[in-house]
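Student: Attaching a single structure in structure tokens format; questions to follow.
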Amino acid sequence: MNIQQIVKEKGLGLLFRQGTVGIEKESQRVHADGSIVTSEHPKAFGNRSYHPYIQTDFAESQLELITPPNKKIEDTLRWLSALHEVTLRTIDENEYIFPMSMPAGLPPEQEIRVAQLDNAADVAYREHLVASYGKAKQMVSGIHYNFQLDPKLVETLFNAQTDYKSAVDFQNNLYLKMAKNFLRYQWIPLYLLSATPTVEANYFKDGSPLKPNQYVRSLRSSKYGYVNAPDIIVSFDSIEKYVETLEHWVNSGRLIAEKEFYSNVRLRGAKKAREFLHTGIQYLEFRLFDLNPFEAYGINLKDAKFIHHFILLMIWLEETADQDAVELGRARLGEVAFEDPHSETAYRDEGEQIINQLIDMLKAIGAEQSAVEFAEEKLAQFANPGQTLCARLVDAIEQAGGYQQLGGEIAKRNKVQAFERFYALSAFDNMELSTQALMFDAIQKGLNMEILDENDQFLRLQFGDHFEYVKNGNMTSHDSYISPLIMENKVVTKKVLAKAGFNVPQSLEFTSVEQAVASYPLFEGKAVVIKPKSTNFGLGISIFQQGVHDKADFAKAVEIAFREDKEVMVEDYLVGTEYRFFVLGNETLAVLLRVPANVMGDGVHTVAELVAAKNDHPLRGDGSRTPLKKIALGEIEQLQLKEQGLTVDSVPAKDQLVQLRANSNISTGGDSIDMTDEMHPSYKDLAVGITKAMGAAVCGVDLIIPDLKKPAEPNLSSWGVIEANFNPMMMMHIFPYSGKSRRLTLNVLGMLFPELV
């Protein structure tokens, strides 16, 4: 069967280059100096018996981060980024993730703790590995690259050939060709991507085989790495021989289980190899790859795509390696692994020949030009070995003064980077912050998570057989359909709350600008709020705390409100302080004082300059990707300045508070101050009652309260309801400008999955 010919004749280039990729990355938790920790796996990650993303490999210190499979390599690496950020922000503040594959600072063997798992068989398996290989070899880490061809491609290729009658037989032989050819040419990606040139002497039982100042390309892939005894050979000639020889080694006791066979390619998709005979190989796991210490997550997008294309080349090639060729590949791997990283490889001609075939394949299947160019960069590294990853790593080790020193320095930099935007998941930065926070907590606690629609903030979460849908961080099936519709309409909200006996301010509604402006005499001199009938996040709201005295200002506020809706309300302004109550179920979980957008004068700078300086705060940004919003100087802000006799060019006196907004929404530049513990419980109970009247499970209730310490009384002079909000913002509670953080996303997960708590 000539796959090249079929792909070309049937125009299958796009389908051919597609596939599904998942990555497993092992790493050691270390101290700041790069030495391995002896602490337990953090309990904050939940139970390893079910965690889909954050596991331990051999030891308690050895993290294993597992991405879900994705059709886009970019998405797989985004997940890997998110898993690293969750992990680095969760482990002890004095712990780091070591960026290299070979361990450094190994503690005495008796202090290396085998992973403490619930399943006794899993622990027993690890104890067997200790007896067979010692603990040091088990501490080696790397990247496992899981790859599946597009099932439609496999089906199309099967239908286009005549050699195989059974689809299962065809699929097995297709994946076996991929596996055998990879094992034949595995030395090539090792030459280009290896990064384990050295290790400390205590890694070896009988002394280091390395001479002083000697570096090699890959200790991990050499006979000193994570490998079986040299006489354990499993045949890849056919799926039947593979099953037969693998079962032989297990039955003879040389391997305790099939998974102890440490081939650089592992057949995947069944619990036992014999099942492949009937169900077929589903995907392959490529276990060759060292961690790239120069990348925060151990691998970069270019290399991940290169690996993808190299794997595809293995079935594109006309040849199919037999077992002798597989063994030749294993021998060459051992030779190249022990070459000097700065030296030209003994097999340069073969390497250049294969990469040239890769370039031809990329052009034939219509790959991106960038993929061709990157393959050409790899080709050039055969003539310039100093450009390879391992050679560059050796240079960096020499410059840093040692392997462990370099690893510790990089580990510390990576952790600092993970905290630069500690409130976000940088790979999913286009999603709203509340959703990112929920995703962070879901990953940390071990919920399966699927992003159904990234732009619409739609997630599917699952624990066991129980699944829930979440939109925008806290919109769930626990809310009734009607509740957000009630809260969106401020007129309906007021009527529902009034009927339920809650204090609401009086108001009039208008359907045209002319009608509203004509009513100015009714409100002249009165303190009023002008706002759209249907609004959220403070859009279109103007507040005249000192009374409205200028018809032009009144008209401008009306015009601003009508930009947001076709109906507008003018309501009495309630005297007091506005607080936001976050209610979930039967409990008020957080209370926030939102201080309207403001600046403090210094007697030197203009209002515009003071605003610019305050906007430089690292938590301020667009308000959707940052916890705080930058303060604007638009029409509403300039109206507010005019009320105070100021303009943007005014220079306020020292310590003069300048209000830029009357409404206190964080989404319009306000400051957030946690007041949960200071608020009298009677108001918290009122907020719960208001939420129930709305028919909501999650609600943001805005109350005006003159004195938060006095118990609530049944009149407007004691308290009043301004708004009830669906999908209330959570980030201002999680990351307040001042006060205690309230991690509300954990409460949302607790509501959805009480069995997880």
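Glycine is treated like the rest: Cβ placed from N, Cα and C.
Sharing the feature lines straight out of Swiss-Prot:
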type	residues	note
BINDING	521-580	ATP binding site
BINDING	Asp702, Glu723	Mg(2+) 1 binding site
BINDING	Asp702, Glu723	Mn(2+) 1 binding site
BINDING	Glu723, Asn725	Mg(2+) 2 binding site
BINDING	Glu723, Asn725	Mn(2+) 2 binding site
DOMAIN	494-757	domain 'ATP-grasp'
REGION	1-337	region 'Glutamate--cysteine ligase'
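Provide an account of the burial state, proximal residues and distances for the features listed.
Tutor: Cβ neighbour count for Gln545 (ATP binding site): 15 (other Cβ atoms within 10 Å of its Cβ, all protein chains included).
The Cβ of Asp702 (Mg(2+) 1 binding site) lies under 8 Å from the Cβ of Glu578, Tyr579, Arg580, Phe581, Val721, Ile722, Glu723, Ala724, Asn725, each of which sits 6+ residues away along the same chain. For the recorded site, Asp702 (Mg(2+) 1 binding site), the DSSP three-state label reads strand.
When secondary structure is read from DSSP and collapsed to three states, Glu723 (Mg(2+) 1 binding site) falls in the strand class.
Within 10 Å of the C-beta of Glu723 (Mg(2+) 1 binding site) there are 22 other C-beta atoms, taking all protein chains into account.
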Student: Using CB atoms and a 10 A radius, I'd like the single residue among the binding-site residues Thr577, Asn725 with the highest neighbour count.
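Tutor: Counting Cβ neighbours within 10 Å, the top one is Asn725.
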Student: For the domain 'ATP-grasp' (494-757), what's the model's average pLDDT?
Tutor: 93
Student: In which DSSP state, out of helix, strand and coil, do we find Pro521 (ATP binding site)?
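Tutor: Helix, per DSSP.
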Student: Which of the three DSSP-derived classes (helix, strand, coil) applies to Met569 (ATP binding site)?
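Tutor: Where Met569 (ATP binding site) sits, the three-state DSSP reduction gives strand.
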Student: Same-chain residues six or more away whose CB lies under 8 A from the CB of Met569 (ATP binding site)?
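Tutor: Counting only residues 6 or more apart in sequence, the Cβ neighbours of Met569 (ATP binding site) under 8 Å are Lys490, Val491, Ser507, Leu508, Glu509, Phe510, Val529, Ile530, Lys531, Pro532, Lys533.
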Student: What are the sequence-distant neighbours of Ala561 (ATP binding site), meaning same chain, six or more residues apart, C-beta distance under 8 angstroms?
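Tutor: Ala561 (ATP binding site) has long-range Cβ partners Ile530, Lys531, Pro532, Gly540, Ile541, Ser542, Val568.
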Student: Count the other Cβ atoms sitting within 10 Å of the Cβ of Asp553 (ATP binding site), across every protein chain shown.
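Tutor: A 10 Å sphere around the Cβ of Asp553 (ATP binding site) contains 15 other Cβ atoms.
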